[in-house]
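Pulled from Swiss-Prot, these are the features on record:
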type	residues	note
SITE	Ser46	site 'Part of a proton relay during catalysis'
BINDING	Thr47, Thr205	pyruvate binding site
SITE	Tyr109	site 'Part of a proton relay during catalysis'
ACT_SITE	Tyr135	active site, proton donor/acceptor
ACT_SITE	Lys163	active site, schiff-base intermediate with substrate
Amino acid sequence: MHNIFKGLITALITPFKDNKLDLYALERIIKHQIKHEVDAVLIAGSTGESSSLSFEEYKLLLQTSVEIVNKCIPIISGCSSNNTTYARALAAESTKIGVDGFMASPPSYVKPTQHGIYKHFEALHEVCNLPIMLYSAPTRSGVDFSDETILRLSKLPRILALKDCGVDLERPLRIRATVKKDFNILTGNDEVVLAFNAQGGVGWTSVASNIVPNICKELLEKWNKNDTKGALEIHQKLLPLYTALFVESNPIPIKYAAHYLGLCENEIRPPLTEASDSAKKQIENIITSLSIKI
């Protein structure tokens, strides 16, 4: 099975207007990503406010995204839930709609054992024929995969990758030493992309690339061509942006940044709130200093 989980994957925001999906803005957002040749887009992840979506909205979001992308790049759907039955329904619907793969985290809040995490993903694996990326986000889910559970899950034929949002930079080395050769490891933290890939990562699921996909793509291309100096120069330039985009809970800052650049409304669903005035000012200053334009 072809492994689509590599390179630059943008964790897309979900645009809303008047508390409904803004499908016109969605088209602008996706076409901006296609224009700058990202390797894939992730729809309905945590950056996409997936927990705020009804099942019908989730379906509409995926269906519209598939139509807009029209097979130009792979689409990865988010299928995380603390209810295994509901997560299976998301995975089954993703398969039916025609996405190219999906990502899921361990069930949040309920704090399953490692065996429970394994059984959750085994159930998702059984319900579809799509490639799967594990999503390690312990600060969000409250629980994480052990290295042993990752190894065990990697033996299932369609579990092909791990997105790691942790800060243990030794982890990709440990995982790489035990898993099958075609199992990919990607970082979900913009600020550690180079350090992570130096330790065995093969890509990056990025929040910042919602607004600077061209610069993020250039960074990875330089890294992959062994132009370490060039990659570091770009990374250093982007560090203030990475900081600004996490000055408040993701996706609050990136939603405002996208709005400021004309991609969508600055509408975010409760319990999240729009960016504070100080956060807005910080984001505006960084966008101006980097001369970011859409």
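If you go along the chain as it appears here, the first residue is 1 and each next one adds 1.
Note: Cβ is positioned from N, Cα and C throughout, glycine not excepted.
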Rounded distance in angstrom between the Cα atoms of Ser46 (site 'Part of a proton relay during catalysis') and Lys163 (active site, schiff-base intermediate with substrate): 13
Which one, from the recorded positions Tyr109, Tyr135, has the smallest tally of other C-beta atoms lying within 10 Å of its C-beta? Tyr109
Express the distance between the Cα positions of Lys163 (active site, schiff-base intermediate with substrate) and Thr205 (pyruvate binding site) as a whole number of Å. 7
Those residues of the chain, 6+ apart, with a Cβ under 8 Å from that of Thr205 (pyruvate binding site): Ile9, Thr10, Ala11, Leu42, Gly45, Lys163, Leu186, Thr187, Gly188
Excluding its own, the Cβ atoms lying within 10 Å of the Cβ of Lys163 (active site, schiff-base intermediate with substrate) add up to 27
Alpha-carbon spacing, Thr47 (pyruvate binding site) to Tyr135 (active site, proton donor/acceptor), which is rounded to whole Å: 13
Inter-residue Cα distance where the pair is the residue listed as 'active site, proton donor/acceptor' and Tyr109 (site 'Part of a proton relay during catalysis'), in Å: 15
For Thr47 (pyruvate binding site), the number of other Cβ atoms found within 10 Å of its own Cβ: 24
